[in-house]
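Step one of this worksheet: look at the structure below.
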Amino acid sequence: MTSRPLSPLAIFDLDGTLVDTAADLVSSLNHTIAAAGLAPVTYDDLTHLVGQGARVMIKRAFALRETELPEADIDPLYERFITHYRAEMPGESRPYPGIIETLDALSQAGITLAVCTNKTEILAVPLLEKLGLTRYFAAITCGDTFAFRKPDARHILGTIEKAGGDVQRSIMVGDSINDILAARNAAVPSIGVTFGYTDVPMVELEPDVVIDDFAALTPALFEKLVSKGAAAA
């Protein structure tokens, strides 16, 4: 029996890359920390808080407000966040301009698509479903899919395996240091977007390519990146 050939693969982060979720993250986080009497966070605070899932975001919000978070309070606050976020979904979250056209163009060029996010599965998958995006992706791996998450290389490598992708012809697209480091750790070329939630200018994170909008992410750019990666391997 002939084995199925591996596919070229474009992997996308979710929050701050595929979908602008900032307003809903801030809303649910403020709903959560209000139970502890903390002052609300703002959009400007968000870049310091996101990237490692809801539990870490809550812990960082407490640290931002210089307030101790007892270990026993973490799970109840996490459940409060999850309940609020799921109830409001998709809220104000919307795909970034141009992403649908980009996903269509990449798919039509024979490039398989996947999502690799540190967002937990019970939040990530329903959000993508409600926004009509799941149909594009051969695999969606989340912060709790494996026993590790970005920036661990195995999160990307596991995503490639689940999507039937070719590690030598895969790229990672993201907005944060976790995305760029994970790609680097997995020896996969990276594209950094400038419109996400990083608190460090994307160019300073040194992805292989920086783009300001999805019109720049063409099949030709994909081929250029994977060819460059193959030559360097």
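From the backbone N, Cα and C atoms, a Cβ is placed for every residue, glycine too.
Of the residues Asp175, Asp199, Asp208, Swiss-Prot puts just one in the Mg(2+) site with Asp13, Asp15: Asp175. Secondary structure at Asp15 (Mg(2+) binding site), as computed by DSSP, is strand. In this view, Asp175 (Mg(2+) binding site) is surrounded by 28 other Cβ atoms within 10 Å of its Cβ, with every protein chain counted. Those same-chain residues not listed among Asp13, Asp15, Asp175 yet with C-beta within 8 angstroms of the centroid of the Mg(2+) site C-beta atoms are Leu14, Gly16, Thr17, Leu18, Thr117, Gly174, Ser176, Asp179, Val193, Gly196, Tyr197. Around Asp13 (active site, nucleophile), a 10 Å sphere centred on its CB holds 26 further CB atoms from the protein chains shown. Each residue contributes its Cα atom, and for Asp13 (active site, nucleophile) and Asp175 (Mg(2+) binding site) those atoms are 7 Å apart.
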